[in-house]
Structures are given as C-alpha cells and as structure tokens.
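Student: The structure follows.
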Amino acid sequence: MGVESDVKPDSVALHPVGAAGAPEVMGIFGTGDLGRSLGLRLLQSGYRVVYGSRRPHSCGPVSFQVASHAEAAKEASLIFVCVHREHYEFLTTLTPHLKGKVLVDLSNNLKKGIYPEANAAYLLIPSMFQVYLCGNSANAKQAVSEMATKLGLTVLDRGSLSAARELEDFPLRLFPEWRLPLLVAACLMGFFYFYLLIRDVIYAYVETGQDISYRIMISLANKVFPIVSLVMLSLCYLPGCIAAFLQLYRGTKYKRFPNWLDRWMLCRKQMGLVALGLALLHAIYTFIIPIRYAVRHKLISRVVDEEAWGTDSFYVLGILGFFLYLLLGLTSLPSVGGSLSWREFSFVQSKLGHLTLSICTAHGYIYGWNKFLRPSTYKWYTPPGYMLCLIVPSVVLVLKILLLLPCVDRSLTRIRQGWERNPPLIEVNKASTPSPRPERNI
C-alpha cells in the first residue's frame, strides 16, 4: 500500500466521525472486486463511501453512492485508488481536485518488475518526462537529480553504475510486448507454409508432374493467413480457460498464476491484433486471386442445392467473422476501450470474442465438411492445413462449454465472489486483489 499526501499528516482526520458529527467521507476510485469489498468494510466501520467511476450509471449494481471521479474527489478527504496502473491517465485531469487530499494506492502488479518504479510513487509524477539516473557517487547523483527536477523532469534512480548498460540499451528496445506474439505467429506461419508447400506444390510435381509453383506467392499464402489467424485467435482465449480451471482446482482466486500463464495472458491483446492483421490479409488476397488466376466459378444454376447452401454459408460466416474481428480490434484501442464501462468492455471482448471464434471455426468446418472422409484429401497420408488449424479452436470452445455448465459455473462464481475453501489472511494490499480476470481478452 502506498500513501501519499499533499498536506501535513495532522491536518487530515482519519476517524469515522468528523468535527461536525457527520461521518468521514472516503472516496474509492474503481468499482471492481477490491473497491466494492473495501467500500463494504468502510461502511461497516462507520464511514461514508463515495465511488468515482468513468461512467457512474453503467457500473452495475452498487449499494453506495457512485459519482464521477471529479465529484468523488471533491467530497472525500481520503481517496483509495483501486484501479490498475494502466488506467491512471484520468488522474492527470483531476489535479485541481486532488490538492490537499490523501491518496492511498491499493494496486498490485500482474508481473514482477513490469514497471521501473512503484505505482504509489508513480502517482506523484507531475510530468510525463522521465530520466533514469545511476552512479556510484551519492553526491553526484544528488546534484544531477536537483538540476533535472528544476527542469521539470522526474528522476528515477536505478542504483549504482552497474545499471548503466541496461539504461543505455533502453532506446534500442523494440516492441517488447509484441515479441512473444510475433514469434508465435512467425513460427506458425513458417510451419504451415512449408507444410502446405510439400502437400500442394511438391506433391503435384512428384505424383503428376504438374508444375504449380506459381501458386506459392498468392494462393499458398492465402491458405496460410487464415490458418494462422484462427490459431492466434484461439490462443487469445485458451489462457482464460486454463486460468478458470486452475481457479477451480485451487478453490481460490487469490493465488497467483504461474509465470508462463501470466506472461501469456498479458500478451493476449497483441495476439488478437496479429490475428486481425492476418485476417485482413486473407480478405485482400481472396479478392486478388480471381483477378490473378482468372478463376471460373460454376453458375449457381448448375450447382446442387446442397453445395450452393454450403458455399453461401461459407461466405456469410467468413464475412460475419471478419466484421466481428474488426469490432474486437477497435475496442482494444485505448481511445475506444476507455469510453466503455468494464461491463461493456467485458461483453465485447469475452462474449463477442467467443462468438467470433465460434463463427470463424464454423467457417473452417464448412470449408471442408465434405472432404473429411475422402481418401484423396490426405495427400501422402497427411491431413490438409485447415484440419490442423481446427484443433486448437475446437479445444477452446469445448473448454468454454464445460465452464458454462451449471455446476461448473456456480463453483467458479462462488470462487470469484470470495467463497474460499481456504480463505487467506486479511491483507489490504495483497490478499484483497484478485488474480487477472480470465475473461478479459484481446
């Protein structure tokens, strides 16, 4: 817990009843699990509680007063900050209302060492400009720090001179949060590209002597893009299912997830955007292929009704899936997601996200519904690429369906509401903050 104040300690009363006999007003920024639990405890202790929210009328059922951040800051003398650090931007607009107030930071990081300084210290940063400082001489660092402060800079002391190499390499860092998603996408694209190259191009040349190498650049690539896009979208929702089953197994939401799962969950947004980019390339290439190869399509009157329905369903699901892809991508942008309440954001990213995955998976199944049992489909006894790409999304959807079963859903709800088999000791900063929500995606 970090406590910061712009006034003298003895000028703020921290008792339930004020000088005029009225209950002391406590402000809470954030209406999540931590904020609501804290508000209930404060109310039981005799304080009056006012919540500050981006959208006071859209934050779900709350038994306390909910107002805007500015209104809550005006009423309260002590304010608990119960939001994650990535949502601290709104505090910069409240500077006039926070003068003379005590800020209590209750946030926890989702990963060790994710930020260079403590969240409580970050609340005091007056400007967006930061400089890192290291050295072996305390006097020298003090002199440089005072000079930088006068220039309006925030100095972050990184210790002795041994940290200089790390600081010097900071400007060379390139998209650290994108490394894992891009690496996974590159590996998947490389694997499926060479896999399809062997099955389609090399197989045709060896078995029939037909040279179709001209398809490598466009036709083959247009098979790889949707395959990898669907797998990447599935990987956005798979860690949420794993986290939910892990909470069920442990019987608590207050234990940290394994490091590999934490890292996976933190890069789901980037994975989703990579999947969106590949889906966009697939849509563009689909329009290019008829122009490039002059593909002749059968007239609808010559197609059997069953095949026509399959073709139409295939295109409709593809178009609808791509539309939902775009919707998920837009809501992941800070400027758009910041205008949504948590419930709205969770609905789009979770409910519509799983709907997108279901539609795109059905799009793949309809593509090969009449080819699964054909021996000619398995060239050199290997399944086509679209069959392989359906494995991961099918597993994710099955796990999600299991989580929606009444008995499993009730158990998970009880755990998330704090009904623990082994409840932790009461710790304001550690035990009261839940693990990352497995439902929040892209």
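Placement of Cβ uses the backbone N, Cα and C atoms for every residue, glycine included.
Annotations in TrEMBL come from automatic prediction, not curation.
OK, TrEMBL features for this one:
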type     : residues : note
DOMAIN   : 26-108   : domain 'Pyrroline-5-carboxylate reductase catalytic N-terminal'
DOMAIN   : 227-348  : domain 'Ferric oxidoreductase'
TRANSMEM : 180-198  : transmembrane segment
TRANSMEM : 224-249  : transmembrane segment
TRANSMEM : 270-293  : transmembrane segment
TRANSMEM : 313-331  : transmembrane segment
TRANSMEM : 352-370  : transmembrane segment
TRANSMEM : 385-408  : transmembrane segment
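Quick one: where do these features end up spatially?
Tutor: For the domain 'Pyrroline-5-carboxylate reductase catalytic N-terminal' (26-108), the DSSP counts in helix, strand and coil order read 36 helix, 20 strand, 27 coil.
Shown for the domain 'Ferric oxidoreductase' (227-348): DSSP residue counts in helix, strand and coil, namely 99 helix, 0 strand, 23 coil.
Sequence-remote contacts of a segment are chain residues at least 6 beyond its ends whose Cβ falls under 8 Å from one of its Cβ atoms, and for the transmembrane segment (180-198) they are 216, 220-221, 223-224, 227-228, 231-232, 235, 263-264, 267, 270-271, 273-274, 278, 380, 382, 385, 388-389.
Residues 233, 272-273, 275-276, 279-280, 283, 337, 340, 345, 348-349, 352-353, 355-356, 359-360, 362-363, 366-367, 442 of the same chain lie 6+ residues outside the transmembrane segment (313-331) yet bring a C-beta within less than 8 angstroms of a C-beta in it.
A Cβ distance under 8 Å defines the sequence-distant neighbours of the transmembrane segment (385-408), meaning residues of its chain 6+ beyond its ends; these are 192, 195-196, 199, 223-224, 226-228, 230-231, 233-235, 237-238, 241, 244-245, 248, 354, 357-358, 360-361, 364-365, 367-368, 372.
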Student: Same chain only, please: residues at least 6 beyond the ends of the transmembrane segment (270-293) with a C-beta under 8 Å from a C-beta of the stretch. Say none if there are none.
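Tutor: Same-chain contacts beyond the ends: 177-178, 180-182, 184-185, 218-219, 221-222, 225-226, 228-230, 232-233, 235-236, 321-322, 325-326, 328-329, 332, 441-442.
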Student: Compute the average pLDDT of the predicted model within the domain 'Ferric oxidoreductase' (227-348).
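Tutor: Averaging the confidence scores along the domain 'Ferric oxidoreductase' (227-348) gives 80.
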